[in-house]
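Annotated features, as they stand in Swiss-Prot:
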type    : residues   : note
BINDING : 67, 71, 74 : [4Fe-4S] cluster binding site
DOMAIN  : 53-286     : domain 'Radical SAM core'
């Protein structure tokens, strides 16, 4: 149990351990000594998931960089881009499998070509060729957009996606779950309630998802906290979230970031990043077991420090991350299993390779330091 409590009130600590943290408690913890918050979060982590730190050998596959959206935080979208063919997607999935991947994360933009049939063909093809690969794909926004193009309900779209072989839905397109914020940074996306409804429908259809928060732009501290509490309320109802992934906004090469920098505001500080990870652990205690410290946003060293602040997962090998790179990310696109093991052991913890659903898997090619030739290089697709 957490015992050093010189400034945190006893009732706040008691509620944290019971999974009853309030918004007022969270604000108080953030206003206090950050290292006391980190210690509390770290103890809650230990009591929930122990000392194992997980990671997944996976690959991002970006099927297109075209998008009709108008998100102000995006530096990846282009009107004249590529669309990968099914054959090219299968080639990338095959490269990933040879590198020991157990998951492919299929991502893209919103394009008129991408109706439900578009995604069904991709998912069915990948699953037929690589039945043991977990397919983690589509955001709530993509599901809504594709369902609309196909003239069907979100529920029917989710049913068909699951039947085709979709294993897990991404919890992206959440950004900040505040309609005030969304009208500024992503006015063309689904609103907060639509995101909640889509995620809830996915969980009820038997499709698990992760959850995300993209912070550090125009939102207030209270809006950040409200977002995490919304995640908690959904989890109380469905139990379908596997994790929370806090993702700091990268304010480079995009309109929102340009305005921020012009006003003298830059990316989040390391302390701010660690505080959000820690307070997320406190708020979500007993509900969402896994909190990820994403190395591609935080950098490897800060991600390692986050393991002492409530995080218990380092994310995936990725093999490519075009979205972060386009927004000025400088932490690379690939971490080998061997380096993950090194980082985790260096933090005094026990490494554990996992799959998308946080099930332990036997280490595959754990000593591979470099990706296979061709990984991280996106070919221009022919499907347009």
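Cβ atoms here come from the backbone N, Cα and C positions, even for glycine.
A count of other CB atoms within 10 A of each Cβ picks out 71 as the most crowded of the binding-site residues 67, 71, 74.
Taken together, the residues of the domain 'Radical SAM core' (53-286) have an average pLDDT of 95.
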